[in-house]
Structure formats: structure tokens, C-alpha cells
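Visitor: Pulled the feature table from Swiss-Prot, pasting it below:
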- ASP13, GLU14, ASP105: divalent metal cation binding site (BINDING)
- 7-196: domain 'RNase H type-2' (DOMAIN)
Amino acid sequence: MCSNEYPWVCGVDEAGRGPLAGPVFAACVILDPASPIDGLADSKTLTEGKRNSLTLAIKAYSIAWAIGFASVREIDRLNILQASLLAMKRAIGKLPVTPARVLVDGNHSPRLKFPVTTIVRGDSLVPEISAASILAKTARDAEMMALHRRFPRYGFDQHKGYSTEQHLAALKIHGVSIVHRRSFAPVRELMANEKDAES
């Protein structure tokens, strides 16, 4: 990271804590006050098309942005909270500039060498965090589409790994894949039931 003399504020958010499959992603964004971006909001309130168009604007007009993730294996080894914080730390570590302050959505933050403030519902309240939520969501959705091409039987293109009826039905039919989170209760219980059936 390069040091700088500007009081740049970096927003950080994650995407994908709840799904049964796929990595958890995080993004960080330093917005440029001279180039405001209209329409920033919590990514969950935006359509896919709006998220995609805002992603292009964020990448084009922000001072800096970066994306990180933690793998399914790391999620199962660390737990989803710690894996989310790891993804955030990785994203921040990729920034080409040093922020003066980091604003993190929620009430947990990674350990960093900069001042950090957690903000509950920050993705709805703070433009930098809104922008980060959008980048994290679109990056994770793109990864789930790539996983769908590898594992089409699970329908990741439809539910992005979340615990829908379609996904649970596919798990019961096809079993657990290498991209499923084995520490998550529905997956863990399915594996236990399969083991009981074999014994």
C-alpha cells in the first residue's frame, strides 16, 4: 500500500455468509468525492441489472477498490464469521492506497492497523459501505455462476447457493459437492443421514 496525505474513508462489506455453498466474498471501496455515484444502496435492495451497472460505475469512478474472499474450506475450518473477517482483511490488503479510516458493515471487524468503525446497517446508511456491498455481491454472484457451469445439477445459477427448496432437493438427490459448506447445519445433517443409511 502507498501512504497518502488524504483522509480517505474506506467502506467494507461482505456477501455470502448465509448460503450453503461457495466462498464468502468481501469488498472495500474508497469513493471519490469529486465523482459521486447516484443510486448507491444496500445491494440486497437492488435488482441484478442495477447492481451490475453500479459495479461498472464504482470500478470506474472510485479512488480505489478491491475484492477478497475466503474459500469453502476456510469457512468450514474457521467458521463463517471468522472467514468473513478474513475475506475483508484480504480485500483491504489489496488496496493500492492506505485509508485513514475503515467503516465496516455490522458489528464485527477484522483486526487492522487503521482506525475501524463498525456500523450496523451500514450498507444502507454509508455510501462507501453500500458500494462495497454491491461489489462483493456481484463478485460472489459471478463466482456462483462459474460454479454452476462446473456443477449444473445444483442450480447455483438460480439460488446462488442459498438454502432454497430447489437447492435442498438437489442436495438430497445428488449429495454434497466439494463446494458445499459441510459445517452448515443442513449440509452436515444430510451427510449424517447418508452415513446412517450406509451403516
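Placement of Cβ uses the backbone N, Cα and C atoms for every residue, glycine included.
Computed from a predicted structure; not experimentally measured.
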Visitor: Are there any residues at least 6 positions away along the chain from GLU14 (divalent metal cation binding site) with a Cβ closer than 8 Å to its Cβ? List them or say none.
Guide: VAL24, PHE25, ALA26, SER84, ALA87, MET88, ASP105, ALA136
Visitor: Below 8 Å Cβ to Cβ and six or more residues apart, same chain only. Which residues does that give for ASP13 (divalent metal cation binding site)?
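Guide: Counting only residues 6 or more apart in sequence, the Cβ neighbours of ASP13 (divalent metal cation binding site) under 8 Å are ALA26, ALA27, SER43, VAL104, ASP105, GLY122, ASP123, ILE129, ALA132, SER133, ALA136.
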Visitor: Have a look around ASP105 (divalent metal cation binding site) and count the other CB atoms within 10 A of its CB, chains all included.
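Guide: Here the count is 28.
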